[in-house]
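Undergrad: This is the structure I have questions about; it appears just below.
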Amino acid sequence: MKLGISSGVFKFCYVASPILSHSRHQRPHLLNPRYRGHNLIAYNFAGFAAVAFVVFLSASQPFYLTDVLGLSSEKVGSAIGTLGVVDELTVVICAPLIGALNDRINAWAFKRPGFPSGPRLLQLTSFSILALALMGYGKGAWRIFPDLWFWRIVFAMGVTGTMSIMTVMLHEANNSDFDWRRVIFWRPSSERPPFLSPLLGPVDGAGHAHTASRSAASREKNGRLSALLGVSTGLGAVFSVSVFLTLPVRLSGHFDLSREYSLRLSYLLLGGVAFVVGIVVYFAAYDSVKQKRESSRSHEEPSQLGYFALLRKGVQASRNDHQIQLAYAGAFVARSTTVATSVFIPLVVYKYYSAIGACGDHPNVAEIPNQSDCYDGYIFSAILTGVAQVVALVSSPLWGIVADIRRLGSRVTLAAASIFGSVGCFCLCIFGSTSEIYDPRRVSCFVWVSLIGLSQIGTIISSMSLLSQVGQRDSMRNHQVIGSISGIYSLCGGVGILLITKIGGTWSDTWVFGPFLLLGIFNVLLTLFAVFGGR
């Protein structure tokens, strides 16, 4: 889950406008008031960091299994598939529970001033768990079972928490008083539009007209906010393959370390970084409970539903809503595509370098004398994966703009993204089958991988945009179970990863392009559902 314009630094400067006094007319309800620029940066930074850690672990996994644990290359695909199943079973179990826990914490915190909102508390907890898992990889893993299984479960719990709450934080931003025009901070204050005026209602005239205006304004930022999150997560993926993924090589070369020790040290260092990220996000993220409680306008008090009652209401909210169902299907394919780019593309590279003798098997040797052995494959894996992420990064603003076009919308955008994915996957399978040993250094491979990256970000942005529209179409009560809905969204993504990692991972031991054929089928089904579903 990604991506955005070049590698420049984006600055979002927001000066809070005072809450306007009540007019003589009834004003539309503002769900999340006083949303500031640093809140927007915080949740995008969380997405950046979470994806960076996920990409690093996924892409370095084949090398960790062989260089650290001494696994034979013939068994790498099956081991990756098994670990993926362990990972995603954890996601499937935890995602809905974390979403409902967020709703429960918000309802509990509403009556307790000073207690943080669910997203803030859960992001801190999730990044701390993620940090513990990375350090476990560095210091506490010596066998696939039970060591690596245990730390992979812990890692999955942390990532599930961050990603599930990311959708809730996007929903907060999309249903807030945030206005893109305030990003233009260099204009004089007198030239800036009133920050809350499009959202807080009329000073004169009919209230319903301004309600419609507010709804339209929110719709117009759905895709853009989703695209911005895609930009951030995409930058995280690019940063990971260019900095995190090359960290073991740089540590090994600079300090003359063995490959095993350099990989372990990389995991330890990144564990410390993850903990710092959690603290930063906790203090900078938006606190919807606090702002609603302190707002001068009255707000509906969250209902004190039980934990599983909240989860049940989340299921009921999406049962008859095709748009939410389509978002779930998009999450299924988007997360599956993420696995293809971060796990199975490096596996294609590894299989090629192993076949030509550039990567040998050394099951019982901790330090291999030839330091360059397999490092060309390691670096090229980062390059090929990076190409997919850069394409996604550059195209993400376009996906966001297209999703906000009324005549197209998120549904058509999702269908287009899935078509790109189908073409990329099927072409990679066809061209990869033309020779016994496929060389991924061919130009055509970069083209097909780029199409897969294009599809990945398109499905992410359009599906998240569909989900963020819940606040504009549903009753206020459904806002109180947005965590549960987001949890189910993450669950669907987890099921997609579960299928492609186990089926695709096992298949890749006999045919390395098997996972891409499976992903192509997923994309075809998503296209049909987006075009014909709900009609």
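Using N, Cα and C of the backbone, Cβ positions are placed for all residues, glycine too.
Where the annotation comes from TrEMBL, it is an automatic prediction and has not been curated.
Feature list, courtesy of TrEMBL:
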TRANSMEM  40-59  transmembrane segment
TRANSMEM  79-101  transmembrane segment
TRANSMEM  121-137  transmembrane segment
TRANSMEM  149-171  transmembrane segment
TRANSMEM  225-245  transmembrane segment
TRANSMEM  265-285  transmembrane segment
TRANSMEM  326-345  transmembrane segment
TRANSMEM  378-402  transmembrane segment
TRANSMEM  414-434  transmembrane segment
TRANSMEM  446-467  transmembrane segment
TRANSMEM  479-500  transmembrane segment
TRANSMEM  512-532  transmembrane segment
Undergrad: Any chance the transmembrane segment (121-137) and the transmembrane segment (225-245) are in contact, meaning at least three CB pairs closer than 8 A with a sequence separation of 6+?
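TA: These two segments do not touch.
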Undergrad: Mind checking which residues reach the transmembrane segment (79-101)? Cβ under 8 Å, same chain, six or more beyond either end.
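TA: Residues packing against the transmembrane segment (79-101) from afar: 61-62, 65, 71, 118, 122, 144, 148-149, 152-153, 155-157, 159-161, 164-165, 168, 307-308, 310-311, 314, 339, 343, 347, 483-491, 493-495, 497-498, 500-506, 508.
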Undergrad: If you count every Cβ pair below 8 Å, which range out of 149-171, 225-245, 378-402, 512-532 shares the most with the transmembrane segment (40-59)?
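TA: When the Cβ pairs under 8 Å are tallied, 225-245 comes out ahead.
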Undergrad: Who are the chain neighbours of the transmembrane segment (149-171) in space, where the CB to CB distance is under 8 Å and they lie at least 6 residues beyond its ends?
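TA: For the transmembrane segment (149-171), the far contacts come to 1, 43, 46-47, 50, 53-54, 57, 83, 86-88, 90-91, 94-95, 98-99, 102, 118-119, 122-123, 125-134, 136-137, 140-141, 225-226, 229, 274, 285-286, 464, 467-468, 470-471, 482-483, 486-487, 489-490, 493-494.
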Undergrad: Give the nonlocal contacts of the transmembrane segment (479-500) in its own chain as ranges (CB under 8 Å, at least six residues past its ends).
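TA: That would be 31, 84-85, 87-89, 91-92, 95-103, 106-107, 118, 160, 163-165, 167-168, 171, 175, 302-303, 305, 310-311, 313-315, 317-318, 324, 327-329, 331-336, 338-340, 463, 467, 470-471, 515, 518-519, 522.
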Undergrad: Which sequence-distant residues neighbour the transmembrane segment (378-402)? Criterion: at least 6 residues beyond either end, Cβ under 8 Å.
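TA: Tertiary neighbours of the transmembrane segment (378-402) are 2-6, 55, 59, 63, 223-228, 230-231, 234-235, 237-238, 241-242, 245-246, 248-249, 341-342, 345-346, 349-350, 353, 408, 412-413, 416-417, 440-441, 445-446, 449-450, 452-454, 456-458, 461-462, 465.
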